[in-house]
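Beneath this line is the structure, given in structure tokens, with notes to follow.
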Amino acid sequence: LTGVLDDCLCDIESIDDFNTFKIFPKIQKLQERDYFRYYKVNLKRPCPFWADDGHCSIKDCHVEPCPESKIPVGIKAGSSNKYSKAANNSKELEDCEQANKLGAVNSTLSNQSKEAFIDWARYDDSQDHFCELDDERSPDAQYVDLLLNPERYTGYKGPSAWRVWNSIYEENCFKPRSVYRPLNPLAPSRGGDDGESFYTWLEGLCLEKRVFYKLISGLHASINLHLCANYLLEETWGKPRWGPNVKEFTRRFDPAETKGEGPRRLKNLYFLYLIELRALSKVAPYFERAVVDLYTGNGHEDAESKALLLEIFRDTKSFHMHFDEKSMFAGDKKGAKSLKEEFRLHFKNISRIMDCVGCDKCRLWGKLQTQGLGTALKILFSEKEIQSLPENSPSKGFQLTRQEIVALVNAFGRLSTSIKELQNFKVLLQQTR
């Protein structure tokens with residue numbers, strides 16, 4: 001996979017180098033900070049589109065909380081319910097990992113944590129969202145420690161998983177029913193077409209709608225890459241061994257096995273990386289203001305987290321081949337406004353479809369990555385509001401909640417990891433030849 005990407009003037013090799021040497025090590029560190037490791041999510045919202053076909057019964061999918069005594073809260077509440085420094089490397093963390101079933105979502109937190117999270121919430125505000133937001137006051141909404149719940153292959157597959165992605169593509173990518181995606185098992189047999197009619201249709205779309213499809217395809221490719229890279233290879237004596245599965249990677253992305261579709265999917269992953277990278281560079285002024293804290297209550301840790309985040313923003317600004325979003329929604333004002341709203345509603349619908357994912361682990365990461373991309377789009381469509389932010393007071397025109405910030409950083413962290421894993425697979429494939 002080499003060369004220049006469609007719809008932008010950026011080449012894959014430049015992204016690989018930039019990600020490997022500048023972004024990946026720093027975003028990994030940032031995701032381990034207290035502010036970014038806890039994500040509030042409601043995994044019990046019913047699927048709004050079809051009767052629930054039952055949750056995944058594989059042990060790696062279901063929620064199995066760690067014992068309360070083993071939870072490495074990482075944050076100890078003081079007299080004022082504010083957080084102190086995390087005990088990230090404690091023995092308790094290792095015990096908890098052992099106690100945790102293979103991929104069960106660990107959802108237990110101490111009472112002090114819960115009180116402190118309420119304190120955090122006072123710093124939140126919200127406005128026009130691209131995602132269907134979980135009601136954070138719902139008794140079913142819970143904080144999840146993302147470090148204890150890594151995204152990996154749980155065994156969730158088949159009709160339930162396929163139905164979710166099919167619904168996303170068929171109903172939300174501006175696509176007529178008569179046009180079938182390549183390798184779609186529902187498509188009528190059309191001889192040697194191999195998806196050419198689909199790509200003819202795609203090229204005929206306006207840039208905005210073409211971009212929308214590429215973002216969804218890129219997200220799909222990224223999630224598939226995570227599953228291939230963190231696959232349950234074997235389990236002996238109850239101990240799992242996770243690692244890269246070259247055979248699974250080949251099945252999903254090899255040109256011969258996918259009739260040329262695999263490389264297109266991976267190019268869309270790079271395109272999505274560029275879009276979210278652009279959003280990070282655009283939102284920097286919001287965080288550069290002294291009034292914005294990554295608030296956990298621990299002043300020293302909060303200052304370190306913000307310094308690391310600003311360092312990442314400086315790196316994103318230094319990238320010299322950004323996607324130029326000015327070409328989007330650039331037509332007449334009325335048409336641009338309605339297209340933007342259509343974009344937002346389609347994306348919101350996709351975030352609701354994530355509540356139909358039958359595996360809790362997959363649902364958690366699906367919701368987070370969708371919200372991260374939705375937040376990136378919100379940023380790209382709010383450039384004027386961000387540029388006119390007041391230095392020392394909260395802004396009415398543009399605001400990010402803590403949820404959106406956590407989702408934005410972790411979603412981009414997942415894309416950064418995908419591109420790094422792709423490099424690893426290239427090496428593994430060379431070794432097997």
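A Cβ is built for glycine as well, from the same backbone N, Cα and C atoms used for every other residue.
Curation does not apply to TrEMBL; its annotations are automatic.
Between Cys359 and the candidates Cys356, Cys362, TrEMBL annotates a single disulfide bond, the one to Cys362.
Rounded to a whole value, the Cα-Cα separation of Arg252 (FAD binding site) and Cys362 (disulfide bond) is 18 Å. If you draw a 10 Å sphere around the CB of Cys362 (disulfide bond), it holds 25 other CB atoms from the protein chains shown.
Of the listed recorded positions, namely Ser217, His220, Cys359, the sparsest Cβ surroundings within 10 Å are found at His220. As a whole number, the greatest separation of Cα atoms within the FAD-binding residue list Arg152, Thr154, Trp165, Ser217, His220, Arg252 is 21 Å.
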